[in-house]
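Written out below as structure tokens is the structure these notes cover.
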């Protein structure tokens, strides 16, 4: 599989290199769907200019990236295009290896379950074959590298690509069973944008599962490993934050980065849910609704962790999708990361109920974003309501997509336990309902 993956990377790099040299690059870098106040390349350049003048890049209200990012580009700014292409390549390879490892684990568990005769006879058609699973890692890498959302994000030089690379490396280290590297990369991802904190729970569940440690509050082994992983994660976060202070010489980055993410002061339009709502919000209600909106990202972690405690990899997918929908400054690069996982759940297609509708909604919204933006900003024949309406529809489509996969996953697991053809007590066919 190394040759197809190499060919895929060459094709992806070629597409990006051509777009970097085209007249479209500047247009793409201005699109509000592709960049946000947090990750726009122009803001990074402004921060670098201030740093070169000996002024803190956080002294104004322009730069809101982390200190490690600005010091990275302080040395490689002339090779920024190469850095972003490498980041996409790292993400794709990490996802490829992650899904390859995951498929091996799934096949091994499936084999043991078959040998112990755990599956009902009528659900054997739901089992996954090695032939079916062989090309899935390559499809995942292809879904990421050739996704128009990923390409646009790379050409715009959005630092979202760097965040995706860190999260992909975190997933790879977790699935490989390295608690140390998993905790370090999770701390780095949290340092970048806070929201990956919600990935702590699925990572811990997977590592516990891998070591055959049951999730039991009365077991000392559970608490010992949990505290060990917490120590790695928190310790890494403290070290990274301390390094940022050492480089910058002040704590200015904390309110400028994390305060900016939580308080949402910049209401530049984007594909998220925050900007229009808070543009219309009375100031004395703002704090309450900021808390309500922000809690959405974190609220679903506990119930999903309880429901999917035996399936932590699918829980990681769910959490990444929730982050990309409900974060304060989302871009299409965030959407591309969780969409890359869709080929990994190809065995769920038979149970999806709204996939055609969702596909049409997401495609239509993607096409209408620039149209309605032009009508609003340039033609003056529309207003912000039009653009926010398509934003709401786009997020509705994402929520419907994620909930549909959640339903399909739970339904398949139910069938693997109770049989494919369910019957009521009177012998009639039963309908499975997700509650």
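Heads up, the Cβ atoms here are built off N, Cα and C, so glycines get one too.
Marked as signal peptide by TrEMBL: 1-25.
Sequence-distant contacts of the transmembrane segment (134-155) (same chain, six or more residues past either end, CB-CB distance under 8 Å): 1, 4-5, 8-9, 11-12, 15-16, 19-20, 24-25, 28-29, 31, 33-34, 84-85, 87-89, 91-93, 95-97, 99-100, 103, 161, 331-333, 335-337, 339-344, 346, 366. The transmembrane segment annotation in TrEMBL covers 134-155 (among others).
If you look up TrEMBL, you'll see 167-188 (among others) marked as transmembrane segment.
The transmembrane segment annotation in TrEMBL covers 194-213 (among others).
According to TrEMBL, the transmembrane segment annotation covers 225-251 (among others).
Annotation source TrEMBL lists transmembrane segment at 257-278 (among others). Counting residues 6+ beyond its ends, the transmembrane segment (257-278) has Cβ neighbours under 8 Å at 32-33, 36-38, 58, 61, 64-66, 193-194, 286, 289-290, 293-294, 325-332, 335, 369, 373, 384, 387-388, 391-392, 394-395 in the same chain.
For 285-302 (among others), the entry in TrEMBL reads transmembrane segment.
Sequence-remote contacts of a segment are chain residues at least 6 beyond its ends whose Cβ falls under 8 Å from one of its Cβ atoms, and for the transmembrane segment (314-342) they are 33-39, 91, 95, 99, 140-141, 143-144, 147, 149-150, 152-153, 158, 160-161, 164, 167-168, 171, 174, 193, 195-196, 198-199, 201-203, 205-206, 261-262, 264, 266, 270-274, 293-294, 296-297, 300-301, 304-305, 308, 395, 398-399, 401-402, 405-406, 409. Sequence annotations record features per position, and here TrEMBL assigns transmembrane segment to 314-342 (among others).
Residues 31-33, 148, 269, 271, 386-387, 390, 393-394, 396-398, 400-401, 404 of the same chain lie 6+ residues outside the transmembrane segment (354-379) yet bring a C-beta within less than 8 angstroms of a C-beta in it. Positions annotated as transmembrane segment by TrEMBL: 354-379 (among others).
Taken from TrEMBL, the feature transmembrane segment applies to 385-407 (among others).
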Quiz prompt | Contact call for the transmembrane segment (225-251) and the transmembrane segment (167-188): at least 3 Cβ pairs under 8 Å, seq gap 6+ | solution = yes
Practice problem: Determine which residues of the chain contact the transmembrane segment (285-302) at the Cβ level, with the cut-off under 8 Å and only residues 6 or more beyond its ends counted. | Solution: 195, 197-198, 201, 262-264, 273-274, 277-278, 318-319, 322-323, 326-328
